[in-house]
Amino acid sequence: MKKSIDHTIMAIETSCDDTSIAILRNGVVISQITHSQIENHNKFGGVIPELAARLHSKNIFKLINLSIEDSAINLKNLNAIVVTEGPGLVNTLQVGFLVAKSLAYALKIKCYKVNHLIGHAFSPFINESIQKIPLKSIVLIVSGGHTILAIKKNYNFIIIGKTRDDSIGEVYDKVARMLGLNYPGGPIIDKIAYENSNRNFLNAPITNLEKFDFSYSGLKSWVLNHKNENKEELLSSFQNVAIEQLIIKIKKAMKDYDLKYLIIGGGVSANRYLRQKIRDINDIYSFIPKKIYSTDNAAMIGNVYFKSKRNIKEVKISDDVKPNLLMET
């Protein structure tokens, strides 16, 4: 009987304000170390791209060394490097991309690039068998930069709806700023709203565009016009309507395309109210990432390497990042 050969990779994610390094062996995460820059950007109320890039440059090699130590491997044990190509902030993407290319060149191994959004789409299946991934499903990506509804057919993604203005994560941050709350606004608002969900909801408008697009500008304006109302009731009402817009589109897509599987990814997938509302939908099977894999992380980038070779491409020396990369394949 032949002994199986281990296949070990390093994954690098620097698309926004999290520096993340992961080591995966045979598709299983054996180490992930992530450095958050929230404290550095909090006073600005959002991410400053130039500052984020400088902090990535400062921390990335330290995290690489820590990940090697944590996983008890040698750099020479690596079979490949996998890195985020986009979308994201051009300055921050370039830090991870250049380090990945240089490291792969020095180690004489291949470097592969991954679409950050597709990383989120496969994130519920980190450390899971590839057989658990449905061949056809509705995919919802909800984050600070994106609100996308897509159809997944095998390894292809077709966008059927997206936000026409603010992403859902972005509107959470903007509402938090309006009300004097810290950045990022999502977890703070979720906590306040969830703990006060039994209060009476204010009459907030639900935007229901045709087909599958989203819009949060109207809800944002409504909060601004009611910011002197009771804060707990205001935030509970805001969250109820923000999430309900997602639920309406999910139900419509599941019905119109006659699908029963739903995959959710992105930082907002950690939202407790969203998770509860998804569980309340009858006759569907949902896949949501563990909270550690909801926000930007390197494990989800490395996971695509093992779960979907069709969604990775080898990096050439002349290649550069793609900050406006789309999800469609």
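Using N, Cα and C of the backbone, Cβ positions are placed for all residues, glycine too.
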In TrEMBL, Fe cation binding by His116, His120 extends, among Asp283, Asp296, Asp319, to Asp296
Check TrEMBL for me: it has Ile141, Val142, Ser143, Gly144, Gly145, Gly186, Asp190, Asn271 binding substrate, so pick out which one of Asp173, Asp258 it puts in that same site. Asp173
Find, for the listed binding-site residues Gly145, Gly186, the residue with the lowest Cβ contact count at a 10 Å cut-off, counting only other Cβ atoms. Gly145
Out of His120, Ser143, give me whichever of these binding-site residues has the highest number of other Cβ atoms within 10 Å. His120
Asp296 (Fe cation binding site): nearby binding-site residues from Ile141, Gly145, Gly186, Asn271, Cα cut-off 10 Å: none
Cβ-based neighbourhood (8 Å from the centroid) of the Fe cation site, residues His116, His120, Asp296 excluded: Glu13, Ser15, Thr84, Gly88, Leu117, Gly119, Ser123, Ser143, Gly265, Gly266, Asn297, Met300, Ile301
